[in-house]
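Asks: Before anything else, here's the structure in question.
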Amino acid sequence: MASRPGFLTDWPWTPLGSFKYIVLAPLVIDSIYSYATMRDHEKLMIVALAVWRIVHSQIWISLSRYQTAKGTKRIVNKSIEFDQVDREQTWDDQIIFNSLILYLTKLYVLGTNTIPFWRTDGLILIALLHAGPVEFIYYWFHRALHHHFLYSRYHSHHHSSIVTEPITSVVHPFAEHIGYTLILGLPLTTTLLCGTVSAVSILVYATYVDFMNNMGHCNFELIPRSFFSIFPPLKFLCYTPSFHSLHHTQFRTNYSLFMPMYDYIYGTTDESSDSLYETSLEKEEDKPDAIHLTHLTSLDSIYHLRLGLASLSLHPLSSQCYLFIMMKPFTLIMSFILTSFSFPTFVFERIRFRDLTLHSHLLPKFSSHYMSQQQKECINKMIEAAILEAEKKGVKVMSLGLLNQGEELNGYGEMYVRKHPKLKIRIVDGSSLAAEVVLHSIPVGTKEVLFRGQITKVARAIVFSLCQNAIKVMVLRKEDHSMLAEFLDDNCKENLVLTTNYYPMIWLVGDGLSKKEQKMANEGTLFLPFSQFPPTKQRKDCVYHTTPAMIIPHAAHNIDSCENWLGRRVMSAWRVGGIVHALEGWEEHECGLDPNLNPPRVWEAALQNGFQPLLLPSLET
C-alpha cells in the first residue's frame, strides 16, 4: 500500500479476494459459446492469452527464486519477507484488467469483424511505436510518478519492494495501471485503427512486455557480455536486470521502460550501472554453512513449494481440491517423471542467520516413493550424492528432513557415516531436539500420558525421559510395549504400562494412529504428535498440536514461505536441530539409533540462539 493511498488505489474486484477471477466468467462462457455455435475463436484466444501470460509469469517466478537461492549472478543480496510476498499477490490483477479490455474491444469495437492471423506491416508498426512514443511517454510519466505528490499516493506502493521479484514489475495501484495501459496500449490501438492489427501482433507484443518486465525485476543478471559486444548500441535499446535494479535501490535514476536511451539523453543514468552489471555477472554460487535436505510430500505439495505458486507457499500446506482437480493432468505427469527417473537434489531456499548461510535442498521424490522398495535404493543414492557434493563444497552440516532419515531407509543417516567414515560434514537427524520439543509441550503436572504410534528414535527418547521422571506412559499394544521396554532401565520400567483404557487426557501420537482410536479419546484430549507428519484430525472437540517445531528468531532473514503444514516463521524441530548444530560448531554426528547428543543440551542451545517453543493450542483457538 502507498504511504498515502490516493484515488482509485484498490482494484474494483479487491473485495472478491481469491475469487476475483469470477469477473472473467462472462468472457469464458461467451468464448466457449461463440466457438461452439459460430466457430468464433477470437474470444477463446483472449482466454488463451490470459492463461499464457499467467504461465509465463509463473515460469519467471520459479526461475528467479531458484536462481537467487542458488546465488549465481544475484544482484541485490538482501532478504524478501512475507509482507512483500503478501503485497505482491495482486500481480495478476493487470492480466484480468487487460483481458476485460480486449473482450470489450471485441464486443463493442470489432463486433462480428475478425482480425487476420498475421500482418507483417502491423508488427513493424508496433515495434516503431514502442521504441518511439511509448518509451518516451513512459519515461516522463515515470518521472512524474516520482514527484512527491504522486509518489506518496501511488508509486511508493511499487517501490516498497527494494529487492524485486519478477511479479514486482506489475504490482501497482489500479489508477497507475490505467496510465500504463493507455501508454502500452498505444501501438495496438494504432494498428487497430489503421487496420493492420493481427492475432500474432497482440500475442507477440503482450509477451514482449511481460518478458521484459519480468526480466527487469528478476534480481539476477542473465544478459551475457557478448550481447552488447556484438552490437554495442544495444546498450541503449535493451536494459538489463541490474540496470533496473538500481532504480529500486537508488529511486532517482534509471527511469526508462525497457530502452535506456532516454536515461542517457536526459542524464538520469545511474553512474554505477556498468559496474553493477559486471559484478553481478561475476557473482558465484553461494557456499552454504548448512543444508537441510527435504522432499515433496503429497502430490499437490509441488505447487506449495517455494518455487511453485507463491500464493500457496505463503500459507501452511492444505488440500486445495480445486487446484488438484484443475492441475491433475500436470500433477500425474510430474509424478510419473519423478517415479521413472532420478534427478539430483537442488536448492530452493536460502536463509541468512547471523553469519551463516542456510540452504534448503529438495530431493525430487514424493512421500509415496519412500514406501516403495524399488525406489529406496535410488533415494539412498540420491541422498549419498547430495552429501558428497556438499562435502566438496565445504558445507559443515547436513540435516535430513522428513523421510530422508528413515530407520529402514538408512538407519537415521548412519549408513552414510559408516560408508564414508572420513566425512567432514556432520550428518544430523535432529531427533534430540524433536524429542525435547515434545517433552516441553506436555503440560506441567501431567502424571500420565497415552502413547500410540510407530516406534521411532524420537518416540524412544520421549518415553525414556518420561519414565525416568516417574510419568506413567500408557501403551495400547503389546508389541509396542515390548519394543519400548527394551530401551528402559529396570528401575523405570514400572512406569511403562500396558493398558486397554483410553482415559488419559494427553496423547502422544505418531504415524499409525487410526481414526477409530481417535474416536475413543475423551472430549478435550490433547494430541501431541511426535512424528514427522501430522495426524488426520477427526475430532473437533479435541486439541491437536503441530508436529515438533519451533518459532524462528527475528535474526533469521529471507523467509518468505511456509514449511509444509507449519505456520509462518515456524520451522520443524529436525531442521532447527541441524541449524543449532552448525551455530554451536559441534563436531559429532547426530545419526543412528543411539543418541549422539545430550537432548537437554540441544534444547538449551536452541533457546540460547533465539528459537522459541510454540504455545499449546486450545479448543477456542
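Using N, Cα and C of the backbone, Cβ positions are placed for all residues, glycine too.
Quick paste from TrEMBL:
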- 132-268: domain 'Fatty acid hydroxylase' (DOMAIN)
- 449-613: domain 'Very-long-chain aldehyde decarbonylase CER1-like C-terminal' (DOMAIN)
- 18-37: transmembrane segment (TRANSMEM)
- 123-141: transmembrane segment (TRANSMEM)
- 178-206: transmembrane segment (TRANSMEM)
- 321-343: transmembrane segment (TRANSMEM)
Asks: Would you kindly list the residues that approach the transmembrane segment (123-141) from elsewhere in its chain, counting only those six or more residues past its ends and only Cβ-Cβ distances under 8 Å?
Replies: 179-180, 183-184, 186-188, 190-191, 194, 196, 198, 200-201, 204-205, 237, 255-259, 261-263, 266
Asks: Would you kindly list the residues that approach the transmembrane segment (178-206) from elsewhere in its chain, counting only those six or more residues past its ends and only Cβ-Cβ distances under 8 Å?
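Replies: 8, 42, 45, 49, 52-53, 94, 97-98, 101-102, 105, 109, 115-119, 121-123, 125-126, 129-130, 133-134, 137-138, 141, 172.
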Asks: When DSSP states are grouped into helix, strand and coil, how many residues of the domain 'Fatty acid hydroxylase' (132-268) land in each?
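Replies: The counts are 95 helix, 1 strand, 41 coil.
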Asks: Please give the average pLDDT for the domain 'Fatty acid hydroxylase' (132-268) in this predicted model.
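Replies: Across the residues of the domain 'Fatty acid hydroxylase' (132-268) the model's pLDDT averages 95 on the 0 to 100 scale.
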